[in-house]
Amino acid sequence: MDYFNYSRRQSSVVQIGNKQLGGNNPILIQSMANVSTLDTNACVEQAIRIIDAGADYVRFTAQGIREAENLGVIRQELTRRGYTNPLVADIHFNPKAADAAAQVVEKVRINPGNYVDSKIFNIREYSDEEYNAGIAKIRERFIPFLHLCKEHNTAIRLGINHGSLSDRIMSRYGDTPEGMVASCMEFLRICREENFHNVAISIKASNTVVMVQTVRLLVKTMDAEGMAYPLHLGVTEAGDGEDGRIKSAVGIGTLLHDGIGDTIRVSLSEEPEAEVPVARKLAEYVQKRAGAPSVEGTVAPGFDKIKPARRKSRIVEGIGGEGIPVVVSDRSNGLSFEFNPEAKPDYVYVGAVDPDSLPYNIKFIVDAHRWKEKENVFPYFVASNAAEMHNYNASIKFIRLTYADLNEEMLAILKNDPSAVVILSSHHANGLGAQRAFMHKLMASGCDVPVILHREYKETDVETLQIKSSADLGALILDGFCDGIMLINQDGNVLVTDNCMFGILQATRVRISKTEFISCPGCGRTLYNLQTTIAKVKKATSHLKGLKIGIMGCIVNGPGEMADADYGYVGAGVGRISLYKGKVCVQKNIPENEAVERLVELIKENGDWKN
């Protein structure tokens, strides 16, 4: 795969009913039902809405044999009504349910973390003999399942999730990318030994950094063993609204830009059919890079593509170094100084404006020819007037550049002016590749100038802006290339654009500006109204900047998959909720109508409440 130019990874082809996954086939889009799998009519109606929205196939939870067998009834009714799209059974903790599902639907997802091995958060030392005995136990149960899938032409997905690794894997690797990859490879090696290749893989996390690093590590590991199985991408528990779209686009979009990914699901805490157009927009946008002119770039020595470290840059008035990335808002098309208190930019670019007309309490960037030596006013240069920078006595000199501008003369200017800060732009059809090439040329030349990432769009639709900018900027930030961001949307509201910038920084874990909600999309196991509950929890806790709160539909994966959360709200049964502090359940089976208030009390008791 080409780091600078889009080139899709060549995966093997998996047959899923009447759809082919991988190879040169289109990237498939999916969603998951959130109604009870025993409610045949509700499942059929929801599946039709999902398919009509553009999904290629639909997943259902099957927590037991009854649910798995009822998928056959759902399959028959959908076919009768003219919907032949493949159905997928989602299995946890129940190999017998997987066996039943394999006989009636086109694909079965199992979780290696709980298919055979225990998952009771009991971490202990395993001897090599005990560890290998665990693998033998997997073989004993998994091989008959593969034979059943062969008999019925059923595909499988190995779905590994951060936070739901088995105790055996956790004991040796911890909850790490290496652990998730090891869990996956144990099952893949058995598949290969049994000559079963109708298999896809997913490795997911709610933490975009972990998710991207782990998938990259998996691809490297498979390549080393001669495997090319197709990959399903997703960010678990991404949430809803703006946060859910940005977080999903950062994680999925970064990997799609790498050429990785054959099917995707955007997991939103909304109606399942709402996920489909988001996923479709994301996949189509990234693939447009395929026809772009090639970018010639060279990866800098020592750069780790799997786990990139933050690029080392000098500090210029708080920009760069180990500091949090700054946010620059463009108000040059209309001098509005209205700001969202939770998304207030650090600098405001106003173009060719007289600094004497500007408020004194905001840091402004003005075009160099209008600059005056005043507090909180900084000049803005472009490549054509870069040679004049040394004539300006400013503590920060912003200079907007593209990859084409970065010649030896420009490198000398950037190295020799300690007050220079680059605003890295691109008008190339492959903007990501050009910006990556710029950063690697800086590193290779030993230039430590701070860099603010700049992208410009013309979107009237907010969702499209969120998807495109998150995929583009997210990929660069996760590569370690961010001392700040500057996002412009010529046809949009500047406050929305500001919110988007802060959302991207939060989703990439480089700047936290608000409460983070880790909420699942719900499925047939969820026994309360997830969307209403999320709204209530957000209303009560959205001011708790930096806190991570998990809102999970059920106990099956809730405690594990909200691995990053400080507090958790998890469904425990009809009308019952359990509350968590970290991974520890501290209040069990409390009435649902008291749960939000009790969550607030729990946060206060632990000293994390702010008024």
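Even glycines carry a Cβ here, placed using N, Cα and C.
Taken verbatim from TrEMBL:
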DOMAIN    13-279  domain 'IspG TIM-barrel'
DOMAIN    516-604  domain 'IspG C-terminal'
BINDING   C520, C523, C554, E561  [4Fe-4S] cluster binding site
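In the structure as shown, the Cβ atom of C523 ([4Fe-4S] cluster binding site) sits within 10 Å of 23 other Cβ atoms.
Remark: C554 ([4Fe-4S] cluster binding site) has C523, R525, T526, L527, V570, G571 as non-local neighbours, by Cβ distance under 8 Å and separation of at least 6 in sequence. According to DSSP, the domain 'IspG C-terminal' (516-604) comprises 29 helix, 30 strand, 30 coil. Residue environment of C520 ([4Fe-4S] cluster binding site) contains 29 other Cβ atoms, counted within 10 Å of its Cβ in all protein chains.
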